[in-house]
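Summarising the annotation, TrEMBL assigns region 'Disordered' to 1-97. For 25-37, the entry in TrEMBL reads compositional bias 'Acidic residues'. What TrEMBL records for 154-174, 310-332, 398-418, 430-460 is transmembrane segment. If you look up TrEMBL, you'll see 398-469 marked as domain 'SSD'.
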Amino acid sequence: MPRVEPEPETWPEQKPNLTKRDSETGTEWDWEFEDSESEGKQPPTGPPAPPGSPLPEGDNATPLPLEGDDAPLPEGDNATPLPLEGDDAPRLPSEPDVAPRLQLERDDAPLPEEESPEPVAVCGHRRRCHTDCLEAPLSRAFQWLGWQVGAHPWIFLLAPLMLTAALGTGFLYLPKNEEENLEYQYTPVGSPAKAERRFVQNHFTTNDSYRFSPSRRSTETNFISILVVSHSDSLLDPATFTEVSKLDSAVQDLRAAQENGSQIQYQQVCARYRTLCVPPNPLLHAWQVNKTLDLSSISFPIYNHSGQRLYLTGFFGGHILGGSLGMGQLLLQAKAMRLLYYLKTELPEDDEQSKQWIIHFLDQLNSIKNSLALKKIEVVHFTSVSRRLEFEATSETVVPLFHLAYIFIILFAVTSCCRFDCIRNKMCVAAFGVISAFLAVVSGFGLLLHIGVPFVIIVANSPFLILGE
């Protein structure tokens, strides 16, 4: 093992003191030094110099001999080298065959604390679980995409614009002036309700042209409901019935013109029971047949008229009943009466004609009320197409305002990202985000219209949701 020379120790300047001591051989002088400023360190001792001799000083001074490892190495050609430590050091004849060796550290001895490596857990029987199985490939894919965008910017700028322009041609197939079927557009196609309705239709058939029955209908039929309200306490008097009868006759006399020049009469589209149209009100129909009918002796809810039962439930409102009479109770007063006109619905041709006649009725109702000059009653109406017409009217009045709403939302999205700090300012990012959303909406709607997906007005709200994201 190579010898390592220790660093020389520096000693503070000391002043020797000479003391005289008597011994058997004569007078002896001892060197005494003051205590060193360094704790635990004393200057080396040597043979005393003759009394009165000065201490060695200067470059030519011979240092005092040192003991132990600090002794200087012999110099000169005749100097005897000191024995070296280790296996390669020469041995003197007096030395034993086996020189004492330093005790080597054991292999299992711990390393110094500052040099000991961090422990690494090695599990040979179980593989490590990688949780970046999805993140890593996505990161590499987006890294590659970003490199491609940076390398070919014009391709990625023009390609989306051309794709949007191509898919935007699907708006040419946007239906115009087409009737909206609310049930078809707002209800699921394979819903359980529709399956159950088909089961009912197969077991309870209907025939609007010969044996119409409202209670057997499983779908909404075409109808016109007119509510007549009396200005007096009761309308059960001949004068009020006369005005109601005039209103009924005026409604049934309406004729709707078709595009081919033909007219649609009420008798063509009315739902029939055998050969007659279903009467809008059974008691009114009985009074029209027999004007001498006593309206003060009507039983409710079932009235027996000439051996025929008339069911009055749902046709009178605000009624006051008296004592028991026949199969019900005496109808003393009735504030309102309803006229219900059922129209054909089963066949597509009949359904289309019925709706045209209803729309014509809505257009002419105000003129009918003005021409009749009704004084005793007030008329309110509702039809099977009123809800659809209200949706269409709302679309025509609200949709144009969507453009203004889109402009305000875009301005808000862009200006909300504005900062006075040029580093934190994100207006350009927000502007390109709005443009990206616009291209996505146009492309998506155009593609769906190309493949024949029907357009529902409620999806016009989707751009608001997309911009909000």
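These residue numbers are counts, starting from 1, taken along the chain as shown.
Glycine is no exception: its Cβ is also placed from the backbone N, Cα and C atoms.
Automatic, uncurated: that is what TrEMBL annotation is.
In the predicted model, the domain 'SSD' (398-469) has a mean pLDDT of 85.
With DSSP classes pooled into helix, strand and coil, the tally for the domain 'SSD' (398-469) is 54 helix, 0 strand, 18 coil. Here the transmembrane segment (154-174) has long-range neighbours at 148, 439, 442-450, 452, 455, meaning same-chain residues at least 6 beyond its ends whose C-beta is under 8 angstroms from one of its own.
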